[in-house]
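One structure below.
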Amino acid sequence: MTNMINKAIATVIPYCPKKFIWVFSKKYIAGVSVQDAIKVSQSLNEQGVCVTVDLLGEFITNIRQADEHLEEYLQIIASFEKAQIKGNYSLKPTSFGLLIDPEKCYQNIRGIVALASKHKNFVRIDMEDAQRVDQELLLYLRLKRAFPNNVGLVLQAYLKRTQADLEELLKEHTPDSPLNFRLCKGIYNESADIAFKDGEKINRNYLKLLERMLCEGVYVGIATHDQALIKGAYELIDKYNVPKDMYEFQMLYGVTPKLRSSIVADGHKMRVYVPYGEDWFGYSTRRLKENPKMAQHIIKSIFVKG
Ligand SMILES: Cc1cc2nc3c(=O)[nH]c(=O)nc-3n(C[C@H](O)[C@H](O)[C@H](O)COP(=O)(O)OP(=O)(O)OC[C@H]3O[C@@H](n4cnc5c(N)ncnc54)[C@H](O)[C@@H]3O)c2cc1C
């Protein structure tokens, strides 16, 4: 029943006035301009939290838009470095032309990683839907060869293939060119053939993957707001005595800030994902369609203040 209600809300919301959507979106999105993103990031930095900034706008229809996106990212890096923000950069390959011209996409992202590496900084490649996984793995490995310490990838625990992908990737893990992953559950609506649908199975796989990464000395961004996973991660960190500079927790801007503060108070590194940009409306409504469960959070954020 709850599922049906969530789905109904998620279907209707994209047709609501933009102003109405902004009521909940503003909690999760830093604003429309790079200055908005810097302001939010500075405030998070003051709370002892570092950031990863993401310019919204996954869907492009021509390669010119990919070039525009590239220019904007180069500007973001220049502005963030100038403002001395403690943070790095996240991006989605489809925004840089992955579906239109994969070679151009590689060159575009290479340009961004090159600039980040000049500032001794880092770029995280977000993982998109399951059909993009092969391409994004290859893209990551190619970039990692060029910039061994400045690029990382996201792996999704809900995908049945991830365990095997991780084993393959571990072959590329060397002291001079270490792997660096963000581990998340996965946000897209994938079919049961390829993805675990049951929450417990996803969590079990998440902790199995995390354990393997930590044991192999892979740097992991533990990206979750799920208390059970955070507890499981704490246990693994204790069990293997994982040094503090080999992992971090990651959360989305606006989600579970109290839990975030408690992790920071426990002495762990925390990074918040800060999305911003003109495409906030598209981002919010797409997230809703992909994951109707988010409708619950929207309703909550509209009716329950604070
Ligand atoms: C830093 C970061 C980067 C990510 N990058 C990617 C990526 O590249 N590719 C990808 O597929 N997915 C990505 N995700 C999304 C991720 O895959 C999950 O869909 C998302 O984090 C929800 O899963 P969860 O582990 O928080 O657990 P859930 O069980 O979904 O959530 C646990 C609890 O957190 C709270 N919560 C979760 N989401 C919200 C929300 N939106 N609003 C309010 N409360 C909420 C609720 O209290 C919920 O009960 C990312 C997530 C994070 C934190």
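Backbone N, Cα and C define each Cβ position, glycine as well.
Lifted from TrEMBL, the feature list:
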- 38-295: domain 'Proline dehydrogenase' (DOMAIN)
- Lys92, Arg286, Arg287: substrate binding site (BINDING)
- Met127, Gln156, Thr224, His225: FAD binding site (BINDING)
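Annotated features taken from TrEMBL, shown on the structure.
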residue	record	contacts (Cβ under 8 Å, 6+ apart)
Met127	FAD binding site	Val133, Glu136, Leu153, Val154, Leu155, Gln156, Cys184, Gly186
Thr224	FAD binding site	Cys184, Lys185, Tyr206, Ile230, Ala233, Phe249, Gln250, Met251
His225	FAD binding site	Met251, Leu252, Val255, Thr256, Leu259
Local confidence of the prediction over the domain 'Proline dehydrogenase' (38-295), expressed as mean pLDDT: 95
Is it possible to get the count of other C-beta atoms within 10 angstroms of the C-beta of Lys92 (substrate binding site)? 22
Among binding-site residues Lys92, Gln156, Thr224, close to ligand 1 by Cβ (under 6 Å) are Gln156, Thr224
Annotated FAD contacts Met127, Gln156, Thr224, His225, maximal Cα-Cα distance (Å, integer): 18
Gln156 (FAD binding site) has its Cβ surrounded, within 10 angstroms, by a count of other Cβ atoms equal to 26
